[in-house]
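Report on the following structure.
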Number of protein chains: 2
Amino acid sequence: MLDRNWFSEAMDGTGSAISLKITGKLHEETSNYQKIEVYETTEWGNLMVIDDCTMVSTRDNFLYHEMMSHPALFTHPAPKNVAIIGGGDCGTLREVLKHTEVEHATQIDIDERVTRVSEIYFPELCESNNDPRAELLFIDGIKWMQEAQPGSLDVIIVDSTDPVGPGKVLFSAAFYKACFEALGEDGVMVQQSESPLLHEELIRCMSADMHKAGFFATRLLSFPQPIYPSGWWSATMAGKGGLDTFRADAARERSFETRYYNEGIHLGALATPQFLHDL
Amino acid sequence: MLDRNWFSEAMDGTGSAISLKITGKLHEETSNYQKIEVYETTEWGNLMVIDDCTMVSTRDNFLYHEMMSHPALFTHPAPKNVAIIGGGDCGTLREVLKHTEVEHATQIDIDERVTRVSEIYFPELCESNNDPRAELLFIDGIKWMQEAQPGSLDVIIVDSTDPVGPGKVLFSAAFYKACFEALGEDGVMVQQSESPLLHEELIRCMSADMHKAGFFATRLLSFPQPIYPSGWWSATMAGKGGLDTFRADAARERSFETRYYNEGIHLGALATPQFLHDL
């Protein structure tokens, strides 16, 4: 049994829970959209929790943020314009802006409070928020995408919560269609797609819906993410013109620091577990 | 907070816990060596717990057992004689015997009760126990290794508990030296080496000690393992003559079923996360 000294997320239907030992609650508020909490943990730094689901810990967020950004950016031949839907903690934005060829990155998260809380408790994730190439919008990302100029984006990163509540509409063929239209001809989108072990059906549907929306190819990226259910997470990449364009040399000779990502990790993350291959 | 309907393992010093929802306890005994429990879970099948640490669940053990066996066996040029130290649940033995070129596999676990309990609650892991090529010994594996005929083994798999209590001596230069002597010239050993995120120091020391024992090369394999701390696990391979001998064609054209392992997963597991590369 785990007592009040632990924060636990027991994910519905998975029969499993991930817990971190905490020393106290640093913050709690209910924004216009959701409940936002921050805990101080004993070994994992700060922990942000939204609507009772773990979102980000200081210790392990690098895995998720690096894998949500670098594979897609090194797959597009020349990423200049990037949009991040969700991503209010700003960790993905930071990784995107490490790519010097990116000229403009727009983060569109409906809830400004997530970013304001992140600025206080995860300042390292927000260190590029004042980059002149960064634009932070706090509006409806789906509407923004529907109204984006066709062909204007190179990479779209959907850094969303789980496919329940306000995040659900981000997991729909209609949204993928809007992304498809907003992307240029070499455009790449990537979206978090839950656990390979626990959410096979979601992964299958997402890929099918992306194809239906017009994308030529999809690929699953899998990677460890200790504070998410099963500790094993994934993102699905979709390419308008294909995805066989990994710039391996650029990844190997990248000018910035990473903690998880490198060329080998990129290729390894693309390997398909046999049980998913057999689907 | 998680109540009595959950089994939780809170790992010392990691500030994290993994929990599975349970419907009841199926078995409990204290053998001559350790406390062995089996729980029935809601979503993960049966769960074996030894000295309060999760060992095996029906649902996710395939990840661990496949990665403890197939990479090493497909790296050795012609594995005929295999020894498994520990591995009393027999899941590794089953994977090893899928390789038709293996002529003899000896499993040496000090605690016969683990195997007897596994036969009842994890019968699928024990389905090769009566294979004429299998030999199950319930004696001290370290002593067995020290007395093994020099050069008599092709692959050694150390499928042990954590480096505490009775398992600790398996994480020592003296034991690696005994393994080195027992292996033939192309010999490969592989040993579970805990979490890449939580146990960097152990991983570093194990590799250094293997080199000291005479091994020419070591490589880390990393893979998901949801019920172990951080959900991310590793094994360290050591090669007497080197490890650049992956039989990729044989792995691709393997005659047996796997659920996680395939050629791509093998190569992907060998990719080194940047933070370990930087060590």
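Residue numbers in this text run from 1 along the chain shown.
Each residue, glycine too, has its Cβ placed from N, Cα and C.
Listed in TrEMBL:
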DOMAIN    A:4-240  domain 'PABS'
BINDING   A:Gln34, A:Asp109, A:Asp140, A:Gly141, A:Pro166  S-methyl-5'-thioadenosine binding site
BINDING   A:His65, A:Asp89, A:Asp159, A:Ser160, A:Thr161, A:Asp162  spermidine binding site
ACT_SITE  A:Asp159  active site, proton acceptor
A:Asp109 (S-methyl-5'-thioadenosine binding site): nearby binding-site residues from A:His65, A:Ser160, A:Thr161, A:Asp162, Cα cut-off 10 Å: A:Ser160
From binding-site residues A:His65, A:Ser160, A:Thr161, the one whose Cα lies nearest A:Gln34 (S-methyl-5'-thioadenosine binding site): A:Thr161
C-alpha spacing of A:Gly141 (S-methyl-5'-thioadenosine binding site) relative to A:Ser160 (spermidine binding site), in angstrom: 10
Neighbouring C-beta atoms (10 Å sphere around the C-beta of A:Asp109 (S-methyl-5'-thioadenosine binding site)): 25
Secondary structure of A:Gly141 (S-methyl-5'-thioadenosine binding site) (DSSP, helix/strand/coil): helix
Listed binding-site residues (A:Asp159, A:Asp162), ranked by Cβ neighbours within 10 Å, top entry: A:Asp159
Distance [Cα-Cα, Å, rounded] between A:His65 (spermidine binding site) and A:Asp140 (S-methyl-5'-thioadenosine binding site): 22
Integer Å distance between the CA atoms belonging to A:Gly141 (S-methyl-5'-thioadenosine binding site) and A:Asp159 (spermidine binding site): 11
Among A:Asp89, A:Asp140, the most crowded of the binding-site residues [Cβ within 10 Å]: A:Asp89
Alpha-carbon distance [A:Gly141 (S-methyl-5'-thioadenosine binding site); A:Asp89 (spermidine binding site)] in Å: 15
Taken over the domain 'PABS' (A:4-240), the model's mean pLDDT: 96
Inter-residue C-alpha distance, A:Thr161 (spermidine binding site) and A:Asp140 (S-methyl-5'-thioadenosine binding site) (nearest angstrom): 14
Where A:His65 (spermidine binding site) falls in three-state DSSP terms: helix
Extent of the spermidine binding site in Å [max Cα distance among A:His65, A:Asp89, A:Asp159, A:Ser160, A:Thr161, A:Asp162]: 16
Cβ-Cβ neighbours of A:Gln34 (S-methyl-5'-thioadenosine binding site) (radius 10 Å): 19
